[in-house]
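First the structure, in the form of structure tokens, and then the observations on it.
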Amino acid sequence: MMKSFRGGVHPNDRKSYTANKPIETAPLPNKAIIPVRQHIGAPCSPIVAKGDLVKKGQLIATTDAFVSGNVHASISGKVIDVGEYPHPGLGTCLAIVIENDGQDEWAEGIPLKRDWQSLDADSINKIIREAGIVGMGGATFPTHVKMTVPKEKTAEAFILNAAECEPYLTADHRLMLEESARIVTGVKIAMKALGVTKGYVGIEDNKPDAIEVMKKAFEGTGVEVMGLPTKYPQGAEKMLIKVITGKEVPSGGLPLDVGVVVQNVGTAVAISDAVTQGIPLIQRVTTISGKAIKEPKNILVRVGTTFREAIDFCGGFASTPEKILSGGPMMGMAEPHIDLPIIKGVSGILALAEGEANTGKQSPCIRCGRCINACPMGLNPSMFSLLGEKNLFEEAVEDFSLLDCVECGSCVYACPAKRNIVQYVKYSKAQNAAKKAAKK
Amino acid sequence: MAEVKSNKELFNVSVSPHIRSEESVSKIMWTVNLTLAPAALFGVYHFGLNALMIILLGIVSAVFFEWAVEIIRKKPITVKDGSAFLTGLLLAMCLPPTLPAWMAIVGSFIAIVVAKHAMGGIGSNIFNPAHIGRAALMVSWPVAMTTWSKMTTSVPDVVSSATPLNILKQQGYDALISTFGSASNMYQAMFLGNRSGSIGETCTVLLVLGGLFLIYKKYINWQVPVVMIGTVGILTWIFGPAGFLTGDPLFHMMAGGLIIGAFFMATDMVTIPITIKGQIIFAFGAGVLTTLIRLKGGYPEGVCYAILLMNCLTPLIDRFCQPKKFGVRG
């Protein structure tokens with residue numbers, strides 16, 4: 001039995017809705033709404049204007065800033081608008097709207113054939129940067145930034161995050177079963193770029209079929225495929241590293257502080273496509289699930305397709321949903337409506353039926369300590385809700401290490417008083433940042 | 001593209017996580033009530049009708065006071081969550097069976113209105129409400145609170161007229177053994193509950209079974225009762241009546257309110273430290289104080305005051321016993 005990390009919870013994984021459904025290709029959208037910000041970091045600026053004709057894979061927004069992710073056209077057609085549109089993470093965002101011409105034509109020079117083995121680290125990272133690849137597990141941190149090892153640090157190992165610990169989500173699971181060759185290539189490329197020889201694939205043991213397929217696919221590569229205990233949040237970077245290498249990323253630090261770089265399964269596929277075929281990140285596999293979805297599916301979908309179109313492709317709603325989520329139920333974001341574009345980081349769209357989303361009414365904390373037992377970061381979450389309630393943000397940061405909280409939601413899941421601890425955490429972090437900014 | 005829907009049709013956007021466990025405060029409270037029920041029922045069987053009256057009045061008045069205070073405080077009515085029920089039940093189980101039953105109402109008033117709601121309501125009280133209620137009755141009617149009756153079940157008169165700890169305090173260990181006939185008789189009586197004492201504290205076996213269920217449900221940490229009872233056992237053995245290492249730990253561990261206190265009061269999540277490390281310190285301190293009061297104090301029994309005194313220290317213990325943060329050495 002593998003060693004586990006401290007804390008965590010065991011929610012019902014509800015993956016059976018889609019775990020056995022092969023990836024289906026969703027129809028192209030009539031219009032693709034492509035936001036210029038689909039990543040953490042600087043927004044891109046549009047380099048096309050209303051009326052321009054664009055082709056699939058063509059660069060349409062970019063920036064000189066290092067921490068950013070290029071944006072490409074996901075379909076071929078005419079730019080009909082550049083303006084503010086709804087965005088699943090930001091409320092609204094500047095977006096480029098492309099009307100589909102039905103041709104689905106590639107931009108010049110794509111796809112190409114490239115021998116990745118002859119490339120050096122710098123050129124691999126350059127390709128990844130140009131392709132606009134970001135962390136596809138949901139965090140959307142630009143991949144080339146993660147892959148660039150600063151001079152004072154050294155990479156020793158690469159970890160493929162295939163835990164997929166969020167309930168409902170099965171996109172990575174299906175990718176592993178259906179696209180193992182591209183995953184292997186992506187991992188090899190990443191390891192070459194990092195100059196490491198040690199590689200691991202961490203998969204939660206509730207996916208034995210994926211573990212088996214991956215073990216076979218990685219045979220002879222020196223990459224170790226490991227079945228990990230199924231416990232949320234096994235896929236949180238720091239927990240994954242701890243379980244696989246035994247090392248703890250220091251408080252406030254990054255995986256590279258312990259010599260590790262972690263990438264998600266979808267990201268590995270995107271790396272493979274970009275480096276071997278020159279294809280930028282314009283599509284992704286995502287899980288459409290939840291009791292309120294008629295036919296839950298895993299779909300391959302172009303960026304800029306709306307939630308509505310994706311849900312329609314899955315037969316529409318079976319009942320009136322109480323919540324629409326982008327991402328999983330533990331860390332995903334609840335969306336007010338479904339006329340939102342699917343962007344690079346949307347790992348799932350969930351429509352939770354009434355009663356499926358257990359909101360519960362908040363009552364006073366009874367100090368039962370379940371949140372402390374659940375917290376993988378070794379914090380005291382009860383204090384975040386108590387201090388947040390009283391607007392004591394500085395105390396939360398200084399005395400209870402608020403900034404170490406990764407907002408995984410384990411504490412809220414475990415709380416019998418149904419306290420909205422993560423809400424207080426987000427609120428307190430924002431208030432604290434505002435206070436700090438005001439002081440400067 | 002379809003229009004954005006009107007405001008009326010927007011979905012709930014509350015913050016993640018969007019799923020929760022089935023655990024709830026009322027589930028915890030009612031489970032604790034349920035685990036206490038066998039020992040309480042044994043008390044009724046053992047001590048008779050007045051015990052039943054005390055339990056009923058204790059529970060009904062506690063629930064009533066909770067409801068009334070919440071009406072006055074304009075707070076949501078939470079009487080269904082079982083916590084006031086639990087306070088009333090625990091209080092009654094810690095009262096002598098001969099007490100005029102109306103006094104239980106006074107105890108409930110102190111417990112619910114003063115110890116719980118005046119401190120801010122559920123989750124905010126510093127002291128265990130049931131123990132505050134008992135302590136208030138103790139100082140108000142000391143004679144009634146220390147008068148023990150004959151029991152309905154057949155036991156020698158001497159045994160029934162005083163609690164074993166009383167006999168020990170006033171007449172010594174040998175007298176204690178002789179009232180039961182033999183040491184093994186005494187252990188058996190203490191284990192099965194066939195002795196004098198407060199209504200719900202006598203039956204060791206039923207209380208321990210109830211406590212084990214709570215441990216199994218992870219509603220309490222096993223370390224708390226083990227450390228508290230263990231501390232009392234070890235200390236009473238070391239500081240025995242005839243010098244070092246001559247004490248009777250088995251007797252002390254089953255006597256008085258230690259079993260019910262260690263399993264059901266020293267584990268009251270609201271009033272004890274929140275981390276397991278803090279709880280172990282709490283339990284150890286409660287064990288030391290219990291022993292100190294029993295062996296050196298004016299009262300024969302010290303569990304109630306020991307736990308209340310340790311309740312005072314809870315915030316301090318919490319301060320020094322925060323969980324160990326991920327990613328920090330040492």
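Positions of Cβ are set from backbone N, Cα and C atoms, glycine also.
Within A:Cys165, A:Cys314, A:Cys415, the residue that TrEMBL lists together with A:Cys365, A:Cys368, A:Cys371 for binding [4Fe-4S] cluster 1 is A:Cys415. Sequence-distant contacts of the domain '4Fe-4S ferredoxin-type' (A:394-427) (same chain, at least 6 residues past either end, Cβ-Cβ under 8 Å): 7-9, 11, 232-233, 236, 238, 251-252, 330-331, 359-366, 368, 370-371, 373-377, 379-385, 387-388, 435. In sequence order there is nothing to list: of A:Cys371, A:Cys405, A:Cys411, none of the binding-site residues comes within a CB distance under 8 A of chain B. Taking the Cα atom of each, A:Cys405 ([4Fe-4S] cluster 2 binding site) and A:Cys371 ([4Fe-4S] cluster 1 binding site) are about 12 angstrom apart.
Among residues of the same chain six or more beyond the region 'Disordered' (A:1-22), those with a C-beta under 8 A of the stretch's C-beta atoms are 167-170, 173-174, 178, 206-207, 226-234, 239, 242-243, 246, 287-290, 296-298, 329-330, 373-378, 410, 413-414. Here the candidates are the binding-site residues A:Cys375, A:Cys408, A:Cys411, and by Cα distance the one nearest A:Cys365 ([4Fe-4S] cluster 1 binding site) turns out to be A:Cys411.
Those residues of the chain, other than A:Cys365, A:Cys368, A:Cys371, A:Cys415, with a C-beta within 8 angstroms of the mean position of the [4Fe-4S] cluster 1 site C-beta atoms are A:Ile366, A:Arg367, A:Gly369, A:Arg370, A:Pro381, A:Ser382, A:Cys411, A:Ala414, A:Pro416, A:Ala417, A:Arg419, A:Ile421. Cα to Cα, A:Cys411 ([4Fe-4S] cluster 2 binding site) and A:Cys371 ([4Fe-4S] cluster 1 binding site) are separated by 4 Å. Counting Cβ atoms from all protein chains shown, A:Cys375 ([4Fe-4S] cluster 2 binding site) has 27 others lying within 10 Å of its own Cβ.
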